[in-house]
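What follows is a short report on a single structure.
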Amino acid sequence: MTKANIILTGFMGTGKSTVGKLLAKALGYRFVDTDELIQVRTGRTIAEIFNEKGEAAFREMEAETARELGRKSGLVISTGGRLMLDPDNAAALGETGRIFCLKATPEEIVARISGDAGAERPLLKGGDPIERIVGLMREREAGYARFRGIDTSGQTPEAVAKRLLEAYQTD
């Protein structure tokens, strides 16, 4: 029997990678972060890809990655924050998986990403981060609304992973 993938999407700082790794371990699946996969394959950070090749080139890399992963099974996939907003990417990954959108309040997101010292967050540079997050969330709201939402605010990664596992097994 084919093991349906679990695809985690949502805004940065909602717990996709942290929760995804816990889910993968619980299920005996392999964890894949699409941004990390692209960085390993190109030898460049996302910021470097944007600066050197532009956003369109990066979005094409995301699309290629979505098509490739959509043909595999037994994966927990953490997507870049905008990857699943493209209907073609969502369709490619949705063929072999169940898609969940992780959510959190803007305040919780700021608290989480402030503690993530190694992460580059170019979208949040300049201005008030809460205002920037609220604006970006508003822009993405309709795209994210297509997927089953799981609120991660005020919850441990373990509690979120447990809820996702239950949802995955009952859907």
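Just so you know, the numbers here start at 1 and follow the chain as drawn.
Even glycines carry a Cβ here, placed using N, Cα and C.
Because TrEMBL annotations are produced automatically, they should be read as predictions rather than curated entries.
Features of the protein shown, as given by TrEMBL:
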type	residues	note
BINDING	Gly13, Thr14, Gly15, Lys16, Ser17, Thr18, Arg121, Gln155	ATP binding site
BINDING	Ser17	Mg(2+) binding site
BINDING	Asp35, Arg59, Gly81, Arg140	substrate binding site
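Here the features listed in TrEMBL are placed on the structure.
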residue : record                 : Cβ within 10 Å
Gly13   : ATP binding site       : 25
Thr14   : ATP binding site       : 26
Gly15   : ATP binding site       : 26
Ser17   : ATP binding site       : 19
Thr18   : ATP binding site       : 20
Asp35   : substrate binding site : 22
Arg59   : substrate binding site : 15
Gly81   : substrate binding site : 18
Arg140  : substrate binding site : 18
Gln155  : ATP binding site       : 17
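If you measure from the Cα atom of Gly81 (substrate binding site) to that of Thr14 (ATP binding site), you get 10 Å.
Sequence-distant neighbours of Lys16 (ATP binding site) (same chain, six or more apart, CB under 8 Å from its CB) are Leu8, Thr9, Gly10, Asp33, Ser78, Thr79, Leu102, listed in sequence order.
On a Cα basis, Asp35 (substrate binding site) lies 24 Å away from Gln155 (ATP binding site). For Thr18 (ATP binding site) paired with Asp35 (substrate binding site), the C-alpha to C-alpha distance reads 14 Å. Spanning the residues Asp35, Arg59, Gly81, Arg140 that the record associates with binding substrate, the maximal Cα-Cα distance equals 18 Å.
Of all the binding-site residues in the list Asp35, Arg59, Arg140, the shortest Cα-Cα distance to Gly15 (ATP binding site) is found for Asp35. Thr14 (ATP binding site) is 14 Å away from Arg140 (substrate binding site) when you measure Cα to Cα.
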